[in-house]
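Heads up, the thing below is written out as structure tokens.
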Amino acid sequence: MADINIAKAPPNYVVLPFYGTGALFFLVLAVMMLFTPGEWGGHYFTPHLLAMTHTAALGWGSMIIFGSAYQLLPVICESDLFSSKMALASYGCLTVGAGLLIASFWLFTPGWMMITGGALVVTAAGIYGVNAYLTMGSCKRYSVQKLFILASAGWLLVTTLAGLLLAINLYEPFIFRSHLDMLKLHAHAGLAGWFRQLITGVSSKLVPIFLLGKSGKIRLLYGSFVCQNAGLVLFLADGLVFGFTPRIFFYEGLIVLGVVAWLIWLFDCYRNRVRKAIDLPMRHVFFSCLCLLIALLLPPALYYSHDHVWALVYGLFLFQGWITFLILGMTFKTLPFIVWNYRYKHLSGKIKVPMPKHLYHEKWLRYQLGIHTASLLLLVAGVALRQEALIRTGIWIALATAALYVGNVVTVMFYKIKTPADATVHR
Amino acid sequence: MQLSIDDRWFREKTIALSALYQVVDPELCVNIIDLGLVYGLDFDDASAVTVTMTLSTPHCPMGESIITGVKNALSGVFPEKIAEVQLVWDPAWNYTMMTEEGRAQLNL
């Protein structure tokens, strides 16, 4: 294999803290929800909802995505991760920054704590972006996946910088436009720029691997890249200069076109797959895509209705639906392999070793999929119908989802090697 | 990979294949022989055994562990030889290279 590079994954101590901390934030998010069922019917700009949104976006979504990106960048870029130390530095900045931001939103104390938290998150985004860029820089081959990953890192920096400016503005107002309008731009840069483009890029590399599928329609992905970015840039520029006008539907249409192109590409991979059985983690991906499609249908209601309920339903489908379903599933497509590589790689071929899928409780994963679906449906119904009892039930079920997820993550991370007593020595 | 009884290294290759059946792709949970990842075995060098093989996808996330498994398996049965892996992408792997057993395990 002289001239073929098998990219090496970064050491486990670089990646595992992201998974552990992300799982903890997911549990914290569910506990925070327990204290706020009465706040789910009003305006979204409340201390507790802001704290929960940032827990979901930074502590949960971005934390796990950072970890898996550091693990998968070598696979996607076909070269080793540029710097493990930078990855650890981004972990420290993101963890402390998210913690400070969440606490300052929950207590609603604009000032040094919120601004320091925001600055640390910007630093984490900067370090991540530089590390991703330099990892890709060492790779000669050009691919659409790299475009998406670089663009998403850029959007993360834009989003976090905008967030920092908003945090400063809360303490010392200096932005000439409405704070709430700026908040919408900040949120959409994060959702459509950071999360969606990273997910598009990574999934277009990993889904064919997981399904043993392929699609020759690579132009769909390039089209998706152009549409998603053009739509988002126009949305942000127009929103910044002229505010929110019906023109946003044209920009949203472009973004939706981009998302649909990506989904068609995924479906083509699914149709042309070798592996017929769809495992539980991949079923989570199906639900995630469904939630994204539903969320993309909601902006007209957000624009024309003055009822804040729609904003909450939109947020639920995006955070609890699209992002959370994806992470709940993909954690078990990555974490067990990371741990397995560390614990069993050196024993592979020598003795019979468990497979990565044996490192977690499959039954728990099945329950997780069912109860998270139930929780999301109850929360959406509760918010839409203003039924606090439904919201409360949904929150308790969300807590059960978090407990199952954390339990399974802990099971994988602390899986004890069982050799030689439990392993059959072949020869 | 085909074995011929006329092959000069038939005995060694049978032993090597038997060992390689223990190397399993951690994602697909199918051994690399039934997956059709192994293209050839070479015993011409007295001090080494060389496996020519591919992966189900270029830069497979588990590629390094599969190659470690191959080396471990061959070192176990041929301790006097150095186990070497020649990784190739041509011909690219596709599902038609799988054995009947491999296809059955993936429900194809």
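Even glycines carry a Cβ here, placed using N, Cα and C.
Per TrEMBL, these features apply:
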TRANSMEM  A:12-35  transmembrane segment
TRANSMEM  A:55-76  transmembrane segment
TRANSMEM  A:88-108  transmembrane segment
TRANSMEM  A:114-135  transmembrane segment
TRANSMEM  A:147-171  transmembrane segment
TRANSMEM  A:191-213  transmembrane segment
TRANSMEM  A:220-242  transmembrane segment
TRANSMEM  A:248-270  transmembrane segment
TRANSMEM  A:282-302  transmembrane segment
TRANSMEM  A:322-343  transmembrane segment
TRANSMEM  A:364-383  transmembrane segment
TRANSMEM  A:395-417  transmembrane segment
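Fewer than three CB pairs closer than 8 A are found between the transmembrane segment (A:220-242) and the transmembrane segment (A:55-76), and contact between the two stretches is not assigned (pairs 6 or more residues apart). Remark: the transmembrane segment (A:364-383) makes no contact with the transmembrane segment (A:248-270), by the rule of 3 or more CB pairs under 8 A. Outside the transmembrane segment (A:147-171), and at least 6 residues removed from its termini, the chain residues within Cβ reach (under 8 Å) are 62, 69, 73, 76, 101, 110-111, 114-115, 117-119, 121-122, 124-126, 128-129, 132-133, 136, 179, 182-183, 185-186, 189-190, 192-198, 200-202, 204, 225, 229, 232. Of the two recorded stretches, the transmembrane segment (A:55-76) does not lie close to the transmembrane segment (A:248-270), with fewer than three CB pairs under 8 Å once pairs fewer than 6 apart in sequence are set aside. Contact between the transmembrane segment (A:395-417) and the transmembrane segment (A:282-302) is not supported, since fewer than 3 Cβ pairs fall under 8 Å when only residues 6 or more apart in sequence are counted. Sequence-distant neighbours of the transmembrane segment (A:114-135) (same chain, 6+ residues past either end, Cβ-Cβ under 8 Å): 58, 66, 69-70, 73-74, 77, 79-83, 86-87, 89-91, 93-94, 96-105, 149-150, 153-154, 156-157, 159-161, 163-164, 166-168, 170-171. Two recorded stretches are said to be in contact when at least 3 C-beta pairs lie under 8 angstroms, sequence spacing 6 or more; the transmembrane segment (A:191-213) and the transmembrane segment (A:282-302) meet this definition. Using a Cβ-Cβ cut-off under 8 Å and counting only residues 6 or more beyond its ends in the same chain, the transmembrane segment (A:88-108) has close neighbours at 13-14, 17-18, 21, 25, 32, 47-48, 50-51, 54-55, 58-59, 62-63, 66, 114, 116-121, 123-124, 127-128, 131, 167.
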